[in-house]
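Trainee: Have a look at this one before I ask anything.
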Amino acid sequence: MLYVPIEHVESCERYCPGVYHPLNIGDILNSRYHIVNKLGFGTYSTVWLARDQSTSKYVAVKIPVANETCQGAERHILRLLSARESPFETSRHRDIFPFLLDEFQVVGPNGTHRCLVTPPARMSVADARDESGDKPFQLPVARAIAAQLIQAVAFLHSKGIVHSDIHNGNVLFHLPNSIDHLTLEQLYEKISFPADIWMLACTIFSILGQAVLFPVLFSNPDWAIKVHVDTLGRLPSEWWEKWEKRAEWFDEDGEPKDGQPRQPLKERYESSIQGPRRKYGMEEFSDEEGAVLISLLKSMFTFNPRDRPTAKEVLESEWMNRWARHQKIVTKL
């Protein structure tokens, strides 16, 4: 059999006696765990996302290589963490470690595999570095990661436990929120056309004016949300309630605190589009065209992607038909 190696995918040659257990999306393990995706792999295991059919929660199922003896330390640590009488139970370090939800054996064509079930996590520190183009972490983030790792190792050592496999690939980020409410369809949902509509509106604004409406590089995500709310108004309720930093800048109606000024889209239009044209003696948008344009941009900047217009609807919009479509200049995308 011939195959083409794919970067960041395990070698097919390791699906052989004594090594990996073959698995397909949709398989059910231990009459309970419905496999929905693969999370990753290492030298000694593969890790899968599964839906626990008995609890309707998502879990991570780690399937070690057959007849493994090298992961006893991990199993021992997880058992300690999960025991009712565990010294971890009341410790402030408890939330730094995953805990064991279940363990079971799978007998397959390549041997017997002692599987571990834990709550799912986010990407590893190594993956986060790769996704950032190897740029360093922001200093507060780097300090926090290093500090928690030191706390975790010091705590393990204080309990007489040696981890023996500390590296960036084994340090995972917590999920910010539970994913248990997501259906399988929602879990597989990818970035779709509405994302383009938001970015299209940002690009149109910068073409017509002299400034970027939402700069890509904000100091932090909370500041980015703050600017979005300043410009577009309060987030949808289900998002608003989950934004922990909202009280620093806004009341519960989405109005700025302490009388701080807002810059809604209309004001940004005046300062970034009309203002520069006026300054340089250039043709300005008429009041009528400006009102129609702002209305179009507002619809494209709707927070909920499902409520944004389609590209076809933008193409057939009043602003396109009355003012923009007849203008001729060659551009390439």
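Glycine residues also receive a Cβ, built from the backbone N, Cα and C atoms like all the rest.
Below are the features I grabbed from TrEMBL:
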DOMAIN    33-320  domain 'Protein kinase'
BINDING   LYS62  ATP binding site
TRANSMEM  197-218  transmembrane segment
REGION    251-270  region 'Disordered'
COMPBIAS  256-270  compositional bias 'Basic and acidic residues'
Trainee: Around LYS62 (ATP binding site), how many other C-beta atoms are within 10 angstroms of its C-beta?
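Mentor: Taking every protein chain into account, the count is 24.
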Trainee: Run through the region 'Disordered' (251-270) and tell me, per DSSP, how many residues are helix, strand and coil.
Mentor: 9 helix, 1 strand, 10 coil
